[in-house]
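Novice: Below are the features I grabbed from Swiss-Prot:
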type	residues	note
BINDING	42-49, 176-182, 201-205, 270-273, 327	GTP binding site
BINDING	49, 182	Mg(2+) binding site
DOMAIN	34-355	domain 'G-alpha'
REGION	37-50	region 'G1 motif'
REGION	174-182	region 'G2 motif'
REGION	197-206	region 'G3 motif'
REGION	266-273	region 'G4 motif'
REGION	325-330	region 'G5 motif'
């Protein structure tokens, strides 16, 4: 140590800089450890993008008036997409319009180029209103499992009066319900208790899944979303394949990937509100003959579907943390994510020097 006294000013400065660099590297390493990567997975329309929007509302800056205005044309486009889907299904399902005038109204809506829509004309609004009130369209809506229709169709169409007003600015709920298929990878980082949660949302449609592999490094937790209401629906990409069977097979593939051996798995059984509605008229046993519970029983249906997914786990040592959710309900997601955050931190105590 005596030699230190003989160091030149230049050497002392060099040592100081080296020590500072060492300290910074240690800090950087610690900071890197204080980031959690949560990968949102699930088939198309399971609610992943809605969940990301909720994180922005609950843990981020939310949606300002200006942000919400930016969703206006998407709301309009969602309305036309839904009405056009029902008009096409009227032909396919051979349902008659009760009101003769609605054949003309259907033609008005049919001619709209959805991706070019930026406003609603008076004629279009009148046509949409009359069509939605037609008993034929209502029958077509009730048979929506036989074709592809967005979950938000009824929400927007029953509120067309408000949406058609010139002063219309989408509400937070309107924003949550906008359907835009995710293509590519969306990352949303937010800070919670000095830890960065980096949430990664990838497209759920089959064509998007090949991109997932780029996200598989250093994943702390998988959050896999299941749409409970899809037990009686077919895939958009393949109309003779049950959506829940596809989701179940995907879940099994994901949890057995070698990349995720050390990642915790959290299962969100989403759209519980839609299941409660649907189970009253669409019986689970018609699609899953192994179901032995009573008809029109929400709890029995939920428990059966949860077990379907739990049974995909071949590693009985690995715990699957499950929650029933409604991604469009901010309070429900606030409550559920608080529990998820605690679970994730609990599982990563040592890494974050919390013990």
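Just so you know, glycine gets a Cβ as well, placed from its N, Cα and C.
In terms of burial and nearby residues, how do these features look in this structure?
Specialist: Under DSSP, residue 182 (Mg(2+) binding site) is assigned to coil, being neither helix nor strand in the three-state scheme.
Here the region 'G1 motif' (37-50) has long-range neighbours at 150-151, 176-177, 179-182, 186, 197-205, 208, 212, 215-216, 218-227, 230, 235-236, 243, 246-247, 250, 254, 263, 268, 270-271, 325, 327-328, 344, meaning same-chain residues at least 6 beyond its ends whose C-beta is under 8 angstroms from one of its own.
Listed as Cβ neighbours of the region 'G4 motif' (266-273) (distance under 8 Å, sequence separation of 6 or more from its ends, same chain) are residues 46-47, 51, 151, 221-230, 251, 302, 305-306, 309, 320-329, 336, 340, 343-344.
Taken together, the residues of the region 'G5 motif' (325-330) have an average pLDDT of 97.
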Novice: Counting across all protein chains present, how many other Cβ atoms fall within 10 Å of the Cβ of residue 202 (GTP binding site)?
Specialist: 22
Novice: About how far apart, in whole Å, are the alpha carbons (Cα) of residue 49 (Mg(2+) binding site) and residue 180 (GTP binding site)?
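Specialist: Pair distance, Cα basis, whole Å: 9 Å.
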Novice: Inside 10 Å of the Cβ of residue 42 (GTP binding site), count up the other Cβ atoms and send me the figure.
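Specialist: Other Cβ atoms found within 10 Å: 25.
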Novice: For the C-alpha pair, I'd like the distance in angstrom between residue 42 (GTP binding site) and residue 182 (Mg(2+) binding site), rounded off.
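Specialist: Distance (Cα to Cα, whole Å): 12 Å.
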